[in-house]
Amino acid sequence: MVLSQRQRDELNRAIADYLRSNGYEEAYSVFKKEAELDMNEELDKKYAGLLEKKWTSVIRLQKKVMELESKLNEAKEEFTSGGPIGQKRDPKEWIPRPPEKYALSGHRSPVTRVIFHPVFSVMVTASEDATIKVWDYETGDFERTLKGHTDSVQDISFDHSGKLLASCSADMTIKLWDFQGFECIRTMHGHDHNVSSVAIMPNGDHIVSASRDKTIKMWEVQTGYCVKTFTGHREWVRMVRPNQDGTLIASCSNDQTVRVWVVATKECKAELREHEHVVECISWAPESSYSTISDATGSETKKSGKPGPFLLSGSRDKTIKMWDISIGMCLMTLVGHDNWVRGVQFHPGGKFILSCADDKTIRIWDYKNKRCMKTLNAHEHFVTSLDFHKTAPYVVTGSVDQTVKVWECR
């Protein structure tokens, strides 16, 4: 590459300035003489530190070029394997693809939870701004706001029909909403602190809630009465989730444990203690995942002939763990997130696990091989929640950046 006379002159002056300002006096005077430079004060100012500046900007550009090259390669891969042009993927293997289809703004504070409606093409989001918002995920349209809570809404849950929505809040209440008329039909009081999690039981006639008051409570939908209290956690209970048939509930806590409870007797069936920090989130494995789990863990089907149940947990220790509840053992630990794990869920097809974290990413795990197969830089800030639609190819995420993003899967 040939430099023009002007460029050569600039380079020589920059080198001369570098030699002089770093104390290479002898080299400076020889170089100045050989390059026939007449340095004066005006020029000196202009070329002060120029060589270092050019040097660092070249390094910065190189780094940027490498980043862009790797993004380009990723995009090429997407194009050949994921697009409609390349090989057809089985829907069981569809995963979210960047960029997001929609980035929706409306909440005025961090988004705390995002969930899909079980029937209609809507999703619901909860936020620290004390509101619940309803959106159409296919068009990206905002539909309405449900107001009633007086403090941060922490969690939301539909019943299986999608006619009822439960919500819980730092205002210490749980509310039940008629999702057809969008009205609050019941408010439940009983917890003594922030209610951090809520879930409607599979049969639809009870609700479970978890609170910073260290308890889990079960409520009757019909009357709003508290019918059971589960005690055992030693700190704030972060999340509670019933299993598919509603005979068990799992909970996780600041006490670094995951507990599984028998609903009928309130007995704690398992206390799982391998995390080294607050356990933020849990999720039951769907039956579609059982064969992959057996392959991954080499666990033979038990004497009873039925594997599982299995549970996932995500923690501030940055790991995700998979547990076999029948034996109370950790089957695997997935390591890769660089910050607190805030959401974890099985892919409906059962082959993958999705997680989101305070490292601002969503990760897709091929857990059979215990590896992270894809990382999406999802938001500008911590990713607090994610949901994978059970039948449509969509994932939704919520973040402290106050946005909700809809991702298409293919």
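Glycine is treated like the rest: Cβ placed from N, Cα and C.
In the predicted model, the coiled coil (56-82) has a mean pLDDT of 80. Residues annotated as coiled coil in Swiss-Prot: 56-82.
Tertiary proximity for the domain 'LisH' (7-39) is limited to same-chain residues at least six positions away from its ends with a CB under 8 Å from its CB atoms, namely 46-52, 54. Marked as domain 'LisH' by Swiss-Prot: 7-39.
Secondary structure of the repeat 'WD 1' (106-147) per DSSP, as helix, strand and coil residue counts: 0 helix, 24 strand, 18 coil. The repeat 'WD 1' annotation in Swiss-Prot covers 106-147.
Outside the repeat 'WD 2' (148-187) by six or more residues, the chain places 109, 112-113, 115, 117-120, 124, 126-132, 134, 193-200, 202, 204, 207, 209, 211, 219, 221, 224, 239 with a CB less than 8 A from a CB of the stretch. What Swiss-Prot lists as repeat 'WD 2' is 148-187.
Look at Swiss-Prot and you will find 190-229 tagged as repeat 'WD 3'. Below 8 angstroms of C-beta separation, residues 154-161, 164, 166-170, 172-174, 176, 235-242, 244-246, 249, 251, 253, 261, 263, 266 of the same chain, each at least six residues beyond the ends of the repeat 'WD 3' (190-229), sit close to that stretch.
Beyond the ends of the repeat 'WD 4' (232-271), by six or more residues, the same chain brings 155, 193-194, 196-199, 201-203, 208-212, 214-216, 218, 277-284, 286-287, 309, 311, 313, 315, 323, 325, 328 to within a C-beta distance below 8 angstroms of the stretch. Residues annotated as repeat 'WD 4' in Swiss-Prot: 232-271.
For 274-333, the entry in Swiss-Prot reads repeat 'WD 5'.
For the repeat 'WD 6' (336-377), residue counts in helix, strand and coil come to 3 helix, 24 strand, 15 coil, using DSSP. Among the features that Swiss-Prot reports, repeat 'WD 6' is placed at 336-377.
Listed as Cβ neighbours of the repeat 'WD 7' (379-410) (distance under 8 Å, sequence separation of 6 or more from its ends, same chain) are residues 82-84, 89, 91, 94-98, 100-116, 118, 121, 123, 125, 127, 135, 137, 140, 339-340, 342-343, 345-348, 354-358, 360-362. The feature repeat 'WD 7' is assigned by Swiss-Prot to 379-410.
Residues 89, 97, 410 of the same chain, all 6+ positions outside the coiled coil (56-82), place their C-beta atoms under 8 angstroms from a C-beta of that stretch.
Note on the repeat 'WD 3' (190-229): DSSP counts are 0 helix, 22 strand, 18 coil.
Each residue in the domain 'LisH' (7-39) gets a DSSP state, and the totals come to 25 helix, 0 strand, 8 coil.
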